Structure formats: structure tokens, C-alpha cells
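Have a look at the structure below before the remarks.
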């Protein structure tokens, strides 16, 4: 009996030892799996962090480079060139009809009468100004200057500005174009009269603001676009009628041809302007 009892105790002890060993091995394997999982997470998160860290670093470098480039003193030519004027288009001697919205109207640059209202003044319009240095996207706001927006849309759809050179570029300030035609009469305006539409905010100096300039009366039609951080304060009697939505790269390219005198150092041309009706103006 004693022998049997002792044998049973030894077997129970071996079972307990075996179970303890198995439990210890299981715990060890579980710890190994947890450690492995932790290592994987660290690697993945580190890689993720490294990616974003690199991106942020590159972004910071880019930002620093851009800031440095923008703030560095750039040598600006004292004078530039006088761009060649373009041949005028057709003339309309009677009432001015609204041009085709799809841009199919013939190029016309002289008008005997101001156009009727050819826009819906309750809607924004988007003008895409294509230049030899890239496009500019402008939002036109009839709520601020309905007559001026209408005149610009009509002139653009009659291709009045197509082919015209940019005639002035002031460094990091503004550039202008329009009313630069050749011909026996040396016409420098569309010919019709529109009223002044002073800005309700007084002088406007927002970068990207677009205004129709020219002396009062029939000499309206020249376009001034204020650009960059040193945009000039536009005369409050000049109608500011839109803001640039897109085209920073184009502005930078155009600005590269600025001079102290305002004469461009290279020819930049307005190749075309397209107009589309956009969203309703909030009431």
C-alpha cells in the first residue's frame, strides 16, 4: 500500500511539474508573440512617423526655400521693352449686341454704343485668362460693379483682349493690359462709355484684385491686376470687380519680367479669355 501510495504521489508530482513546464512554455511563447507584435508596431509606426517626418521636413525645407526666395532681394531691371501693339479687330457701328456665350463671336475691338446687360447680375462669373506664361482664374462679382463686369464679359467674349501684350509689370505689385492697338486711327479704347463704380471699401489693395482702369468716359477697357504682397492701393474711383482664385505660378512667371519703370523685360501675351457663369451670389 505504501509503495502504491508513493508511486501515485510521484506520478502526481511529475504531472504537476509537466503542467508547470507546459504553462511556463506557453507563457514564454505568449511573451515572445507580444514582443514580436510590439516590434512590428514600433517598426510600422516608426516608418509611418519617418514618412510624415520626412514629408514635414521636406515641406519645411520647401517652405524655407520659398520664403527665402520670396524675401530675398531680386535684381530688377531698370527698364524694359515696348511690346508691339496688335492689329484691331472688326467694328460695330450700331447698337452692340450681346456676344455669343460660347465664344464664337468674331473678334471685335471697336463699338459705337455700350452693350446691353448681357450677364445675370445675380450670379458670379469665372474668367480664365490664358497667357503665354500660364492661366489665371478670376472670379467676377457683379454685386460690386455690375456695369463693369458686364463690360468686361462682353469685351472678353468679343475677343477684345486676345493677342494683346501685357504692357506694364511692376515688381511684386501689378500688371496691366488692354487698349493697345495699331492702325491708322490708333484706337486705344473700345469706344463706349460706362460709369465709374467706386469701391464701397475705398482703396483696394488685395493681392489678386482685378480692376478696369482708364480715364472716365470712352477710354475704359484697360485691365489692372494687383498681385503679390506689395499690391498697390487701387484708386477708389476705379471699379474693382473680381479676385483671382488660381494662378500663383502664372503670377510668379509674369512677375519675373517686371522692371522698375513698369515696362516688361519680355513679351507676355494674353492669348484668350473665356467666361462661364458660376454660382448664385449669396443674398
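Cβ coordinates are placed from backbone N, Cα and C, and glycine is handled just like the others.
A TrEMBL annotation is a machine prediction, not a hand-curated record.
Of the candidate ranges 62-83, 84-105, 106-127, TrEMBL annotates residues 84-105 with the feature region 'Disordered'. Beyond the region 'Disordered' (84-105), the same-chain residues lying 6 or more positions past its ends with a Cβ under 8 Å from any Cβ of the stretch are 111-116, 118, 154, 157-160, 163-165, 180-183, 187, 192, 267, 274-275, 277.
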